[in-house]
Amino acid sequence: MKKTIALLPGDGIGKEVVDVTVEVLKAVAEHFQHQFNFNYGLIGGDAIDQKGNPLPEETLEICRNSDAIILGAVGGPKWDNNPVELRPERGLLALRKALDLFANLRPIKTFDSLLDSSPLKKEYVNGVDFIIVRELTGGLYFGKPSERIVHEGQEAVVDTLLYKRSEIERILVSAFEMAQNRRKHVTSVDKANVLESSRVWREVAEEVSKRYPDVELEHMLVDNAAMQLIRSPKQFDVIVTENMFGDILSDEASMITGSLGMLSSASLSSDGLHLYEPVHGSAPDIAGKNIANPIATVLSAAMMLRQSFGLEEEAKAIEKAVDNVLNSGLRTADLTEAGKAVSTKRIGEEIISALADDREIIKIMNTYS
Ligand SMILES: NC(=O)c1ccc[n+]([C@@H]2O[C@H](COP(=O)([O-])OP(=O)(O)OC[C@H]3O[C@@H](n4cnc5c(N)ncnc54)[C@H](O)[C@@H]3O)[C@@H](O)[C@H]2O)c1
Ligand SMILES: CC(C)[C@H](C(=O)O)[C@@H](O)C(=O)O
Ligand SMILES: [Mg+2]
């Protein structure tokens, strides 16, 4: 299979984790006889420095001319005091909007070998397998006005939480569709005791649920959901929620798996051009040290192979290679005690060698079958 992949490494550890992921994808291409072409684009702080724009038009073109997009992360202290239009994060938000990447899927699944890495009790995290479906192109992130104003004669500020009913409906449909192929349970998270937007969200959730009689719908207030994620994470199958709540709950949920460095994601659009990125950011505190965990991005690439290219066997091969590496006891610093950790690059090399081992076994088995 021949595919073109846009690579937007971005800033900080974004570059390090994308570098590893590209090597893994090259190994997959070699073992499974595919041709992956990689087109690099600038986004975030780097793009501001080189092009004066966090999302240059060339980058959008590269994305539009590709079959899928892999992004690292954007942001860093260097640009923190920039005016809002020159913030790296604006580049990511503009990209999500421009490509209509409205459905952000963030799977939370524990690895058996990492049960001890979670701060939660082993018996609570063992077997956790749920997905957060986060609305990604609406809500507080995009509502206008969003500005400093004078209100009642005083300095004030306003951000707007705006959703079209159709935007709420399409994300809920995505969640119910997903639940139908899983354990048939949707938890719709909102703040309907306070926010009008959440009251409408609940109404739409009820309407959509009528089309999926085999799926159970539960409403949960976001503050309770934050607590339930820690108290009993196994109760969840599909969590669907608006943009900001989803952002916060997914970082929280990452600790069930042991680290934010484990959490992959897919941002899906209606026209089939999807973006894959780790849930974490550019981690300025560890950037440039070759110690970041690349697994979130590598697993995002597996999501890409499955979702965008239909390459199920290849996606599974990556997931199995990651599992094998973790089973062998190798861990980056976020998952183990100081002194025992291995580097970003080493984890990448081990994943590639686990992939190769697995292919050899399959080949040997095929010759005997
Ligand atoms: N998708 C994105 O591009 C994205 C996501 C989140 C934050 N950001 C940006 O990143 C910058 C830093 O934000 P932050 O520090 O709040 O969040 P962060 O996710 O970058 O880091 C939070 C903490 O987790 C650790 N961490 C994150 N990823 C890791 C990995 N792969 N391996 C090991 N440790 C990891 C970091 O070292 C840090 O201690 C900000 O500019 C923010 O806007 C970007
Ligand atoms: C960098 C930031 C804009 C982004 C978000 O809030 O969506 C990040 O935190 C994420 O989770 O992808
Ligand atoms: Mg976030």
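Glycine too: its Cβ is placed from the backbone N, Cα and C atoms.
Together with R96, R134, D223, TrEMBL lists one candidate of R106, R148, R211 for binding substrate, that being R106. Pairwise Cα distances among R96, R106, R134, D223, which the record gives as the binders of substrate, peak at 27 Å.
For the recorded positions given as R96, R106, R134, K191, the lowest number of other CB atoms within 10 Å of the residue's CB is seen at K191. P88 (NAD(+) binding site) counts 29 other C-beta atoms within 10 Å of its own C-beta, drawing on all protein chains shown. Distances between the Cα of D247 (Mg(2+) binding site) and those of the binding-site residues D80, R106, I291 are shortest for R106. Looking at D80 (NAD(+) binding site) and R96 (substrate binding site), their Cα atoms lie 21 Å from each other.
Among the binding-site residues listed (R106, D251, A283, A287, I291), A283 have a CB atom closer than 6 Å to some atom of ligand 1, in sequence order. When secondary structure is read from DSSP and collapsed to three states, R96 (substrate binding site) falls in the helix class.
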